[in-house]
Amino acid sequence: MEWSLTQSKLLAFHRLMRTDKPIGALLLLWPTLWALWVATPGMPQLWILAVFVAGVWLMRAAGCVVNDYADRKFDGHVKRTVNRPLPSGAVTEKEARNLFVVLVLLAFLLVLTLNAMTILLSVAALALAWVYPFMKRYTHLPQVVLGAAFGWSIPMAFAAVSESLPLSCWLMFLANILWAVAYDTQYAMVDRDDDIKIGIKSTAILFGRYDTLIIGILQLGVMALMALIGWLNGLGGGYYWAVLVAGALFVYQQKLIANREREACFKAFMNNNYVGLVLFLGLAMSYWHF
């Protein structure tokens, strides 16, 4: 019986950290890889790559824990989240806090193997991860904070590789914020009706009937900034084809969200994994030395 209870708790932690749903980690991973490949340029050192890949998974898990901790009083009133570990009682508040601390400490131990500039920047990463979940109570722009949190690995990657933060770093950071606002607005469109009822704020509510238009403008901004990064770094034509393919995926997403149906909006959100992948492949091929 004791083993069964332990197994149930581990499964609850697994769900709390969303390790059963890798989409969030992938949306965090792709910009990290973009930055590492541009900063190097090309293939980064294997240890630095390993630290950032592991750090992505640890900090995404930590972010999910603190997000559910912040929303524990709201999730019980939303159909999609009512069975999450905290509102259902599968994980206690103390256990969630302890799990968050363990995940953050593991990530910080990895960062300690890098240079001082990267270690210093990691403090801001922790602050953003902690602050984001609470923003939806106070502002209709929590997605901007999410973009900063998901994109903070970009300056950290540049710092780890070159101990500098060039223009390309900040253009990529801005592109990631625009992208995150676009895809997380799609995600928020799924819960918009429930969020209005319980007082949660989001860009999906703020944008209202202009949501699809503004998402389209943000997506155009992402393409423009990524193309500019390619030009600044002298990338080849294959990279720009990747940017165009990403644009085609954005067009597909616009078609999906046109009628604002929940399942279609969620499908559009999930499709952003391919946007990140395509842009990374474009970068990797541009730096490939035959």
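Glycine is no exception: its Cβ is also placed from the backbone N, Cα and C atoms.
Same-chain neighbours of the transmembrane segment (23-43): 49, 52-53, 56-57, 59-61, 63-64, 150-151, 153-155, 157-158, 160-162, 168-169, 172, 176, 179-180, 183, 229, 233, 269-270, 272-273, 275-277, 279-280, 283-284, 287-289, counting only residues six or more beyond its ends whose CB sits under 8 Å from a CB of the stretch. What Swiss-Prot lists as transmembrane segment is 23-43 (among others).
With a cut-off of 8 Å between Cβ atoms, the residues of this chain six or more beyond the transmembrane segment (46-66) that come close are 16-19, 24-25, 28-29, 32, 36, 96, 99-100, 103-104, 106-107, 110-111, 113-114, 125, 129-130, 132-133, 149, 153, 156-157, 160-161. Residues annotated as transmembrane segment in Swiss-Prot, with sequence analysis given as evidence: 46-66 (among others).
Here Swiss-Prot flags 99-119 (among others) as transmembrane segment, drawing on sequence analysis. Same-chain residues lying 6+ beyond the ends of the transmembrane segment (99-119) with a Cβ under 8 Å from its Cβ atoms: 13, 16-17, 47-48, 51, 54-55, 58-59, 61-62, 65-66, 69, 91, 126, 129, 156, 159-160, 163.
The feature transmembrane segment is assigned by Swiss-Prot to 141-161 (among others). Remote same-chain residues near the transmembrane segment (141-161) are listed as 27-28, 31-32, 34-36, 39-40, 44-45, 48, 51-52, 55-56, 63, 114-115, 117-118, 121-122, 124-125, 128-129, 131-132, 135, 169-170, 172-173, 176-181, 184-185, 188, 201-203, 206 (criterion: CB distance under 8 Å, separation of at least six residues from the stretch ends).
For 163-183 (among others), the entry in Swiss-Prot reads transmembrane segment. Beyond the ends of the transmembrane segment (163-183), by six or more residues, the same chain brings 27, 31, 34-35, 38-39, 115, 117, 143-144, 146-148, 150-152, 154-155, 203, 215, 218-219, 221-222, 225-226, 228-229, 232-233, 268-269, 272, 275 to within a C-beta distance below 8 angstroms of the stretch.
The annotation transmembrane segment is assigned in Swiss-Prot to 212-232 (among others) on the grounds of sequence analysis.
What Swiss-Prot records for 233-253 (among others) is transmembrane segment, and it gives sequence analysis as the kind of evidence. Outside the transmembrane segment (233-253) by six or more residues, the chain places 38, 41, 168, 186, 215-216, 219, 222-223, 226-227, 268, 271-272, 274-275, 278-279, 281-283, 285-287 with a CB less than 8 A from a CB of the stretch.
Per Swiss-Prot, the feature transmembrane segment maps to 268-288 (among others).
Remote same-chain residues near the transmembrane segment (212-232) are listed as 38, 167-168, 171-172, 174-175, 178-179, 181-182, 185-186, 203, 239-240, 243, 246-247, 250, 253-254, 257-258, 260, 279, 286 (criterion: CB distance under 8 Å, separation of at least six residues from the stretch ends).
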